[in-house]
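Trainee: Below is one structure. I have some questions about it.
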Amino acid sequence: MTFNSFEGSRTVVPADTNKDEEFVEEFNRLKTFANFPSSSPVSASTLARAGFLYTGEGDTVQCFSCHAAVDRWQYGDSAVGRHRRISPNCRFINGFYFENGATQSTSPGIQNGQYKSENCVGNRNHFALDRPSETHADYLLRTGQVVDISDTIYPRNPAMCSEEARLKTFQNWPDYAHLSPRELASAGLYYTGIDDQVQCFCCGGKLKNWEPCDRAWSEHRRHFPNCFFVLGRNVNVRSESGVSSDRNFPNSTNSPRNPAMAEYDARIVTFGTWLYSVNKEQLARAGFYALGEGDKVKCFHCGGGLTDWKPSEDPWEQHAKWYPGCKYLLDEKGQEYINNIHLTHSLGESVVRTAEKTPSVTKKIDDTIFQNPMVQEAIRMGFNFKDIKKTMEEKLQTSGSNYLSLEVLIADLVSAQKDNSQDESSQTSLQKDISTEEQLRRLQEEKLCKICMDRNIAIVFVPCGHLVTCKQCAEAVDKCPMCCTVITFKQKIFMS
């Protein structure tokens with residue numbers, strides 16, 4: 001949580017006391033937020049519940065009771081927490097109005113400062129556990145509030161410290177969920193068994209309503225920035241046998257794959273007359289030794305190999321990105337460093353990265369792409385994985401960025417299929433001597449809805465993947481007009 005007690009808070013000249021009595025009611029406070037910026041990371045309802053009125057200037061709010069003003073709200077801020085910091089003697093914060101029988105349409109969270117309420121950012125509902133009752137916890141989840149009690153024991157669920165244990169909870173993970181169990185488990189989350197709701201084993205925070213472009217690590221950090229697991233703190237617990245349960249990663253092992261290269265001096269010798277752009281000393285310090293084939297290197301401990309180095313690439317960074325479970329990496333750089341690398345590097349960067357061209361590493365790249373929720377959704381629609389991978393790689397090569405929405409990916413896949421189809425039929429078209437006007441007419445017909453023949457096609461049917469109707473006609477059908485398959489989902493796309 002970010003808090004600036006000097007720049008973002010101040011005390012304002014007290015207003016009319018009689019007028020203040022009007023705002024004892026939360027509903028009356030909420031009405032002042034009619035023109036409050038919708039882009040604010042803290043919602044109007046949360047601020048009103050914390051005793052604030054909107055001043056009409058920027059995101060500045062003012063307490064109706066103590067008249068302290070706060071502005072410059074940031075993601076993760078607690079409305080009640082900031083209120084209490086700048087005005088610890090505020091009568092509202094200290095429960096004066098409750099003790100005197102004032103009616104207050106607020107959750108029990110604010111009374112006597114028992115809980116600290118925070119807003120829900122974006123479309124994700126989330127909260128921390130350890131509540132007095134599951135009923136109250138469900139209420140907080142529905143209303144998008146966060147309750148954070150800092151004096152609790154971490155991790156909240158020691159039985160879920162192991163990534164393998166978390167993975168086992170996803171046996172009944174719903175098909176409609178956009179993220180893969182592997183990605184969620186790696187981010188410290190396990191399945192609660194309710195809808196697509198997951199929970200962090202460490203901080204107890206819950207997340208649900210996942211969207212196609214969400215990344216588990218990013219959402220975990222955005223909503224629970226103080227989680228010890230996200231921060232890379234040591235949250236390992238002792239098992240019944242007394243052995244520490246470390247966080248599990250692929251390729252993690254306590255003994256090095258190549259003990260002969262365990263020493264820096266042994267690794268640096270292998271580079272000889274190294275002529276490549278990346279610094280050989282940095283490579284050796286990061287655990288790598290040269291294989292004598294181009295710029296291929298391999299880690300002595302985890303056995304992970306990398307090649308095709310670029311001048312700007314950092315060996316430690318690439319080590320953490322590709323082989324986060326390496327024990328040597330963990331010992332040298334710490335869990336927080338590894339977490340930050342995975343939070344700041346997108347899938348797109350890892351796709352263009354050409355790792356050592358061995359079957360195992362190639363499979364690792366393919367697995368990474370396959371786990372992308374957008375890719376899985378496209379496969380469900382009937383698109384071929386090779387076509388999806390090729391389209392994503394072309395996007396990265398031409399624009400330098402990855403797809404940010406499923407709609408754009410689907411549109412490009414459909415466009416690529418049409419291009420291929422046109423290429424294959426070009427020779428036949430020439431042989432049949434079809435006129436330019438006829439070709440244009442056919443292309444225009446291809447874009448038209450096959451039901452009304454008036455509007456352009458705009459909907460892909462799942463699971464068959466057929467693209468045949470406009471949005472209006474799609475609403476009237478339950479089965480695909482092409483193959484009669486029952487439609488389970490209708491995905492809107494944009495045709496260029």
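Using the three backbone atoms N, Cα and C, a Cβ is placed for every residue, glycine included.
When I checked Swiss-Prot for this same protein, it listed these features:
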type	residues	note
REPEAT	26-93	repeat 'BIR 1'
REPEAT	163-230	repeat 'BIR 2'
REPEAT	264-329	repeat 'BIR 3'
BINDING	Cys299, Cys302, His319, Cys326	Zn(2+) binding site
CROSSLNK	Lys321	ubiquitin cross-link
CROSSLNK	Lys327	ubiquitin cross-link
ZN_FING	449-484	zinc finger
MOD_RES	Cys449	S-nitrosocysteine
Trainee: Would you mind listing, in sequence order, the residues at least six apart from Cys449 (S-nitrosocysteine) in the same chain with a Cβ closer than 8 Å to its Cβ?
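Mentor: In sequence order, the residues whose Cβ lies under 8 Å from that of Cys449 (S-nitrosocysteine) (at least 6 apart) are Arg455, Asn456, Ile457, Val468, Thr469, Cys470, Cys473.
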Trainee: Can you give me the same-chain residues 6 or more apart in sequence from His319 (Zn(2+) binding site) with a CB-CB distance under 8 Å?
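Mentor: Counting only residues 6 or more apart in sequence, the Cβ neighbours of His319 (Zn(2+) binding site) under 8 Å are Ala286, Gly287, Phe288, Cys299, Gly304, Leu306, Cys326, Leu329.
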Trainee: Around Lys327 (ubiquitin cross-link), how many other CB atoms lie within 10 A of its CB?
Mentor: 18
Trainee: Could you tell me the mean pLDDT over the repeat 'BIR 1' (26-93), as a whole number?
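Mentor: Mean model confidence (pLDDT) across the repeat 'BIR 1' (26-93) is 85.
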Trainee: Which residue counts does DSSP yield for the zinc finger (449-484) in the helix, strand and coil classes, in that order?
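Mentor: DSSP composition of the zinc finger (449-484): 4 helix, 9 strand, 23 coil.
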Trainee: So for Cys299 (Zn(2+) binding site), how many other CB atoms are inside 10 Å of its CB?
Mentor: 27
Trainee: Under the DSSP assignment, what numbers of helix, strand and coil residues are found in the repeat 'BIR 1' (26-93)?
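Mentor: When I sort the residues of the repeat 'BIR 1' (26-93) into the three classes, I find 20 helix, 10 strand, 38 coil.
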Trainee: Pick the one among the binding-site residues Cys302, Cys326 whose Cβ has the fewest other Cβ atoms within 10 Å in this structure.
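Mentor: Each of the binding-site residues Cys302, Cys326 was scored by Cβ atoms within 10 Å; lowest is Cys302.
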Trainee: For the repeat 'BIR 2' (163-230), what does DSSP give as the number of helix, strand and coil residues?
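Mentor: Split by secondary structure, the repeat 'BIR 2' (163-230) comes out as 27 helix, 8 strand, 33 coil.
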Trainee: Helix, strand, coil residue numbers for the repeat 'BIR 3' (264-329) per DSSP?
Mentor: 23 helix, 8 strand, 35 coil
Trainee: How far is it from Cys302 (Zn(2+) binding site) to Lys327 (ubiquitin cross-link), counting Cα to Cα, in Å?
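Mentor: That comes out at 7 Å between the alpha carbons.
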Trainee: Just how many other Cβ atoms lie inside 10 Å of the Cβ on Lys321 (ubiquitin cross-link)?
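Mentor: Neighbour count, Cβ to Cβ under the 10 Å cut-off: 20.
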Trainee: Distance between Lys327 (ubiquitin cross-link) and Lys321 (ubiquitin cross-link) at the Cα atoms, whole Å?
Mentor: 14
